[in-house]
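Asks: Supplied in structure tokens, the structure appears directly below.
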Amino acid sequence: MSTLISLAGIAASLVAAFELGIPAYILCAAGFVLGIVGGFLGGRVSLAIAAMVLAAFVFAVSPTGMEAVLTSMDVNPRNFFRTYDGLSGVIGSLAILMITLLIVRTRSPRAFETMLDTSDDFDRVVVGMGKLASWLFVPLMLIIFYDVSQRKWLDFDTSIMDTPFYVDSTKLQEMEWHLHATLFLLCLAFAYRADGHVRIELIRDRLSQRARVWMELAGIVLFLLTYCYLIVQFGWVYASKSYQIGEVSAAQTGLSHRWIIKGMLPVGFALLFTAGVSAALRCVVYLFGPSYLNERSGDYAGTHHADLPKDVATNGPITD
């Protein structure tokens, strides 16, 4: 039952995001409360966090959310966001963090195990989306092959242009970069959790294990999560405006529904945000949890250069 309550909170926020008639501030408030209730009743913490974060985000960006509340209070929304946008985001994040910590404390003495279970839940979403998106490589290659073959064929026989098999090259090329961008954006988070991104580790490789984890945690909190939040926020507005005006390709024979590819921007960075939260939870468990969980939570304690001596890779620099 507690899981269903949290899922209902997520559903309420999703309905609010698509503005189906009910004011977003009502649905977001309901979604936020349902997420909290589901968490305290013993539901999965990952679902409670998802419900709270989604409700807070939709409330912040929807015209019938925070903007409508400010207008009803005779406050100019534009002036408010210009002055307090960053502060309101920090306050909202801290509120969600405090509520999450209270939920986790109710799982004592398995609080740290609960945090790792929550991280595993987020990882399943990120990895699942990454693996699913990887299949976009197949249609991408097929379209590229067809586009190149068709253009070469036209050098010898233009009659193909009068057949149903001919597709304008502009459409094909736009579909290629649409698929490539979607593949890239949806796999960003998967690559991070698989530790597949390039790291400049001239300093990190020579730090102790705990120092490496502290560095990872600081980078996640100060840079990764804040950057992802900004991209998701402005990317959502970017895609929404594209949908509202029915934006199409600037090319006369290009693709329509440009909002779809623009919508991939907030989706991709929302997944990266999720991966960042998962990694942060593992770092916290490694730094503050019991030692028997170090192996399970020590994803960022090691080094990534295979050519370093084993003792340096494990324990940091060699000292006399």
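Our numbering is plain: 1 for the first residue shown, then up by one each step along the chain.
Just so it is clear, glycine is given a Cβ too, placed from its N, Cα and C backbone atoms.
TrEMBL lists these features:
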TRANSMEM  20-40  transmembrane segment
TRANSMEM  47-66  transmembrane segment
TRANSMEM  86-104  transmembrane segment
TRANSMEM  125-146  transmembrane segment
DOMAIN    141-283  domain 'Tripartite ATP-independent periplasmic transporters DctQ component'
TRANSMEM  177-194  transmembrane segment
TRANSMEM  214-239  transmembrane segment
TRANSMEM  259-288  transmembrane segment
Asks: Hey, which bits of the same chain come close to the transmembrane segment (125-146), Cβ under 8 Å, at least six residues off its ends?
Replies: 167, 172, 175-176, 179-180, 182-183, 186-187, 189-191, 193-194, 271, 274-275, 278
Asks: Please indicate, using numbers and ranges, the residues of the same chain that are 6 or more beyond the transmembrane segment (20-40) and have a C-beta under 8 Å from a C-beta there.
Replies: 2-13, 47-52, 54-56, 58-59, 62-66, 68-69, 99-100, 102-103, 106
Asks: Most CB pairs under 8 Å with the transmembrane segment (259-288): which of 47-66, 86-104, 177-194, 214-239?
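Replies: Stretch with maximum Cβ contacts: 214-239.
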Asks: Should anything in the same chain at least six residues away from the transmembrane segment (177-194) have a Cβ under 8 Å from its Cβ atoms, list it; otherwise answer none.
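Replies: Same-chain contacts beyond the flanks: 123, 126-127, 129-134, 136-137, 139-140, 143, 255, 260-261, 264-265, 267-269, 271-272, 274-276, 278-279.
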Asks: Per DSSP, what is the residue tally for the domain 'Tripartite ATP-independent periplasmic transporters DctQ component' (141-283) in helix, strand and coil?
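Replies: Going by DSSP assignments, the domain 'Tripartite ATP-independent periplasmic transporters DctQ component' (141-283) contains 108 helix, 0 strand, 35 coil.
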Asks: Taking residues 6+ outside the transmembrane segment (86-104), which of them lie with a CB under 8 Å of any CB in it?
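Replies: Contacts of the transmembrane segment (86-104) (Cβ under 8 Å, skipping residues fewer than 6 from its ends): 36, 39-40, 45, 48-49, 52-53, 56, 60, 66, 111, 114-115, 229.
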Asks: Which residues of the same chain, at least 6 past either end of the transmembrane segment (214-239), have a Cβ under 8 Å from a Cβ in it?
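Replies: For the transmembrane segment (214-239), the nonlocal Cβ contacts are 57, 60-61, 89, 204, 207, 259, 262-263, 265-266, 269-270, 272-273, 276-277, 279-280, 283-284, 287, 300.
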